[in-house]
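Novice: Take a look at the following structure, please.
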Amino acid sequence: MCSSNMGEPEERGMHTILDAQASVASTCNDPGTPQNGSRYGDSREPGDTITFQCDPGYQLQGQDKITCVQLNNRFFWQPDAPTCIAACGGNLSGPAGVILSPNYPQPYPPGKECDWKIKVNPDFVIALIFKSFNMEPSYDFLHIYEGEDSNSPLIGSFQGSQAPERIESSGNSLFLAFRSDASVGMSGFAIEYKEKPREACFDPGNIMNGTRIGADFKLGSSITYQCDSGYKIIDPSTITCVIGADGKPAWNRVLPSCNGMYWI
Ligand SMILES: [Ca+2]
């Protein structure tokens with residue numbers, strides 16, 4: 001966007017031309033607005049600054065603030081205006097955010113491996129909301145793991161246009177691994193994440209010489225323990241997930257234990 005508003009000099013007197021040149025040369029050019037971003041500030045006199053911000057999910061490349069500089073008769077922005085790109089992977093830790101496939105909404109590049117780690121506060125879980133999902137079927141994948149890395153349990157591997165509307169973690173971290181093969185890129189995905197209060201108790205585990213009955217840890221659910229034959233249960237055998245004194249889900253009593261009959 002480089003334009004001159006000098007008009008037609010041959011039609012004007014000398015004085016007018018000088019004025020016009022002065023007005024053209026006394027400000028910086030319009031630096032524009034980056035794609036997938038916004039800008040704050042319109043003044044383009046020497047010393048003026050303009051700041052930029054990228055839309056959620058996009059990362060700013062460059063500086064978020066540029067200044068109009070005058071050097072002799074030249075006026076220019078320093079540094080150059082930034083751009084906003086959907087990056088390949090990252091670490092996210094805020095209460096909410098957006099994850100975009102690289103280059104979104106343009107087709108993702110081939111041969112990419114992009115990993116994202118989301119980690120929220122310990123007393124929260126993560127809800128993923130799929131806003132759009134379009135991957136090459138059978139060749140490009142988004143693998144989602146319950147935990148901090150790809151050694152954690154796999155929740156699902158998604159491809160084509162088949163993604164769930166929503167996934168909820170049971171802990172406070174998720175790991176997303178995008179893999180594209182050597183050819184054919186599609187628009188990829190836009191996924192929102194939000195932390196939400198944990199509405200379940202943590203896995204209470206097993207007890208020695210006994211078994212657990214029930215696998216639902218949600219508020220109001222109960223788990224019952226049974227002792228192996230030859231062992232006797234000490235304490236009530238059922239625990240229930242309730243809201244604890246600190247306002248967070250907790251089991252209402254300690255785990256029972258199984259004592260050998262021999263010792264009683
Ligand atoms: Ca592909």
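From the backbone N, Cα and C atoms, a Cβ is placed for every residue, glycine too.
Whatever TrEMBL says is automated annotation, not expert-curated.
So TrEMBL has the following annotated:
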type	residues	note
COMPBIAS	25-38	compositional bias 'Polar residues'
DOMAIN	26-86	domain 'Sushi'
DOMAIN	88-196	domain 'CUB'
DOMAIN	199-260	domain 'Sushi'
REGION	25-46	region 'Disordered'
Novice: So which residues does the region 'Disordered' (25-46) touch in its own chain, when a touch means Cβ under 8 Å and the partner is 6 or more beyond its ends?
Specialist: 1-2, 52-55, 58, 60, 66, 68-70, 73, 75-77, 81-86
Novice: Within the domain 'CUB' (88-196) only, compute the mean pLDDT.
Specialist: 96
